[in-house]
Amino acid sequence: MEAALIVLDGWGLGDGGRDAVDAAETPVFDRLAESGAYGRLEVAGRRVGLPEGQMGNSEVGHLNIGAGRVVYQEYTRISDSIADGSFRENDAINGAFDRARENNGRVHFVGLVSDGGVHSDQEHLHALIELAADHDVEAVTHAITDGRDTSPTGGREYLGTLEDVIAEHGTGDVATVSGRYYAMDRDQNWERTKRAYDAIVNREAEWTAESAVDAVEESYDRGETDEFVEPTLISDQPALEDGDAVVWFNFRSDRARQLTRMLADIRPEDWADECATTPPDAEVVMMTQYDKTFDLPVAYPPNQPEQVLGEVLADAGKTQLRIAESEKYAHVTYFLNGGREVEFDGEIRKIVESPDVPTYDQQPEMSAPEVTDTAIDTIDSDDPDVLVLNYANPDMVGHTGDYEAAIEAVEAVDEQLGRLVDRLEAAGAHVLITADHGNADDMGTEADPHTAHTYNEVPLVYLAPGARSQSDLGDANGEERPVSNGTDGSRTVREGGTLADIAPTMLEAIDLDQPPEMTGESLLE
């Protein structure tokens, strides 16, 4: 094996506070950071193609890693178009307004109402409401509450702000409120998606409230935080009907697909009978391309980078193993390949199912041991040239807000990292260890857990082949062993690096030319 990239998803470098990464016992990572070349990467804002001050996320992180350049995200493109006025001329959005007006119908805005910036931005919804008012189109909003990329009870504030915007423009009334646990499932839990669908289309839900703010307040009284708000109807609001139009305002694709399928009647082959309801004849507009097989209007079509890492490796005749558990499988395949549903020549894909538990604090180790087992077995059997592997735990458990579980998650990853690096060392591989963004490095307080990503930098460890012996790594139980003096002394990690610099670094390590499309620079000095 020539090279490996290991992504410790959500493993940031905290700056104090309730930091599960710092609190965890991580003997393997600590030794690797000391024995290898070590640096820090910036993974937020304009450094990864997001608006300034916006935290990174897994989709953005893996896009930048694979592209070897800063990829300006749909989030940035949409926000910039609102700022320069071109948003008002968008053909897909205006087409939805025209359809609703011609049919004496309504436009239904669907999406995540928060400033989390991972799947959506509430400012985009506010711009849609203003535009609907200018077009004299009746609009309603089906609000999805966050609590995962934002405070668990931030929905009260976001929906209060939304109600102020609606009052200002005279349209956009909230018709339903659903937590993202239901409306944005991505793991084929269709029964969850169906509950959000039934609220929107059939006006069927267990709960009713007088206003959007009342809906979340009452959910808090039931013990539900924003992520888990049960679908709730707002009194005296309409259902989705024939002749209406739907405009999704989420810009991230993965968690919008299932509800889009239901609203547009795009049925997967394995759809359960109870989910096969035929929706009204309403045009559905996607803010971005949620799936290239969806024959639906797209407001902001993809801007896909060419000559990404996987393509360069394939062109050079290299085989590459991509492996993650199901929660992060799309990130090491679709997103790493530039947001394209393509499998390059020589690409071996392995998916390990994530545990079937309601929330991952109940099983903090998730499927990390099985991911490691599968990686080692495939290295032994297929001898791939390059490995890209993601450990999901610090991110997925960090999202639960459970500090002790997050510590366990980090420690579980550290144990598996030791096993994997031992095998990579034996294979003589260059090894890069990093993260796509932070999460478990800031868990908030016990009274106010932090469940979102962080703005913090992430580590970058480079391990040169033969620079240390396997005994330097310690064992999976954290036994104290001597630490070597690191690499051969000729390479260090430069300052000021970003995720866009990882692919150029890997190409340099294995003596492949960097294509001109990649504008990142090697991290090694």
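FYI, residue positions are counted from 1 along the chain as it appears here.
Quick reminder: no glycine exception, Cβ is built from N, Cα and C everywhere.
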Site-mate of D395, H399 for Mn(2+) 1 in TrEMBL, selected among H430, H453:
H453
Looking at TrEMBL, which one out of R180, R192 binds substrate in the same site as H119, R148, D149, R186, R252, S253, D254, R255, K328?
R180
Across the record's substrate-binding residues H119, R148, D149, R180, R186, R252, S253, D254, R255, K328, the largest CA-CA distance in angstrom?
18
Name them in sequence order: residues not among D9, S58, D436, H437 whose Cβ is within 8 Å of the mean position of the Cβ atoms defining the Mn(2+) 2 site.
V7, G10, G56, N57, G61, H62, H331, D395, A435, N439, H453
Mean of pLDDT values spanning the domain 'BPG-independent PGAM N-terminal' (78-292):
95
Output, ordered by sequence, the same-chain residues six or more apart from S253 (substrate binding site) with a CB under 8 Å from its CB, or 'none'.
E59, T288, Q289, Y290, D291
Using a 10 Å cut-off between Cα atoms, which of these binding-site residues sit near D149 (substrate binding site): D9, D395, H399, D436, H453?
H399, H453
If you measure from the CA of H453 (Mn(2+) 1 binding site) out to 10 Å, which binding-site residues from the list H119, R186, R255, H437 are inside that radius?
H437
Return only the integer: C-alpha distance in Å from D436 (Mn(2+) 2 binding site) to H119 (substrate binding site).
16
Measuring Cα to Cα, how far is H399 (Mn(2+) 1 binding site) from D9 (Mn(2+) 2 binding site) in Å?
12
